[in-house]
Amino acid sequence: MQKHSPGPPALALLSQSLLTTGNGDTLIINCPGFGQHRVDPAAFQAVFDRKAIGPVTNYSVATHVNISFTLSAIWNCYSRIHTFNCHHARPWHNQFVQWNPDECGGIKKSGMATENLWLSDVFIEESVDQTPAGLMASMSIVKATSNTISQCGWSASANWTPSISPSMDRARAWRRMSRSFQIHHRTSFRTRREWVLLGIQKRTIKVTVATNQYEQAIFHVAIRRRCRPSPYVVNFLVPSGILIAIDALSFYLPLESGNCAPFKMTVLLGYSVFLLMMNDLLPATSTSSHASLVAPLALMQTPLPAGVYFALCLSLMVGSLLETIFITHLLHVATTQPLPLPRWLHSLLLHCTGQGRCCPTAPQKGNKGPGLTPTHLPGVKEPEVSAGQMPGPGEAELTGGSEWTRAQREHEAQKQHSVELWVQFSHAMDALLFRLYLLFMASSIITVICLWNT
């Protein structure tokens with residue numbers, strides 16, 4: 001059985017991989033790392049660092065993974081159900097593992113742990129209990145083998161009665177079993193919209209071992225992976241991008257109206273329903289253990305990081321909703337019980353709004369409207385009253401009343417000024433998150449264009 005997987009399963013180093021696509025670079029293992037009894041792991045460190053990407057130097061070249069099974073069973077004439085044992089191997093070509101045996105002491109094979117190399121996203125259900133413990137690297141050919149004979153996940157029954165010609169009955173039973181296997185697996189093949197079953201062919205041969213003759217049934221299963229990115233773009237990227245754009249447009253709603261938070265809750269609920277509906281369309285390998293955590297739109301090459309991209313979109317929506325709730329609460333507290341803005345926060349706000357660097361608010365002009373009076377500005381002192389101009393009792397009462405009115409007016413002005421500062425700070429936070437949204441959308445579009453062209 002042969003599997004074609006175009007490109008890497010993940011793009012952990014997206015920027016590096018896009019820059020080095022198609023350059024034809026190869027990695028040659030240094031021979032000083034090869035000893036008489038062992039190989040220094042540092043010699044393969046450059047290969048281990050690239051385990052997140054496909055073992056190719058040009059992503060337009062497909063990686064061919066050949067899967068072979070060895071089935072064996074001990075037939076029991078008194079048993080109706082026979083359980084088969086299997087041993088499978090998956091060799092593929094790794095362009096990063098290369099060395100010259102003549103210069104490396106004649107060493108042609110080296111074993112290494114599976115966690116250090118790229119693994120093909122092909123899983124044999126119920127074939128082995130766990131992932132093989134090691135790989136065998138043999139001159140750019142990597143083989144993933146299971147060292148133990150494990151039980152296969154399917155069983156076949158063949159029942160015949162002893163007769164004059166038991167070999168004919170046995171051959172007839174083989175034909176019945178192969179026919180049922182072929183029909184059953186053709187109808188129950190689960191594509192998950194990722195794999196296409198090309199066909200199942202079988203042939204029966206006779207094998208002679210010593211003086212005994214055995215019949216062997218060989219099945220050739222051909223599958224192909226869907227390489228077209230159009231279904232993923234239409235089903236996943238376009239609806240998700242539309243919902244993200246709608247959530248970004250909600251930043252234009254005024255925070256004081258109180259309609260921003262309910263609108264974002266509705267969009268978040270709609271995106272959650274979209275993820276639940278698309279759960280059945282996601283490939284079975286979208287949550288692979290060796291999937292990348294970067295490159296959210298790498299499903300143009302392979303659908304592995306689709307779940308990561310959706311998680312990033314959902315995180316942005318949740319963060320936007322929490323930020324809206326926090327700003328609404330901040331505005332409510334600022335209008336009911338205004339507190340003075342901290343000095344460091346005031347300096348940061350002046351730094352942002354003074355030059356128009358990161359906040360869309362306009363700088364204050366002049367000293368119009370309520371504000372601090374000139375007598376409370378730094379460096380300005382109140383005029384002194386001379387001894388000859390002391391006010392009388394009636395004038396003192398009028399002066400005291402005017403001072404109380406002025407103090408009350410100054411207190412209201414300071415309160416209003418504090419409210420304005422908190423409002424400016426809230427709008428600055430809202431503008432910062434809006435720019436983060438725009439940055440994420442721009443990077444997503446650029447990544448889609450780059451991956452589509454490559």
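Placement of Cβ uses the backbone N, Cα and C atoms for every residue, glycine included.
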Swiss-Prot: matching membrane side for Ser257 and Phe425: yes
Predicted model, mean pLDDT over the topological domain 'Extracellular' (25-232): 60
Secondary structure content of the topological domain 'Cytoplasmic' (254-264), with strand meaning DSSP E or B: 8 helix, 0 strand, 3 coil
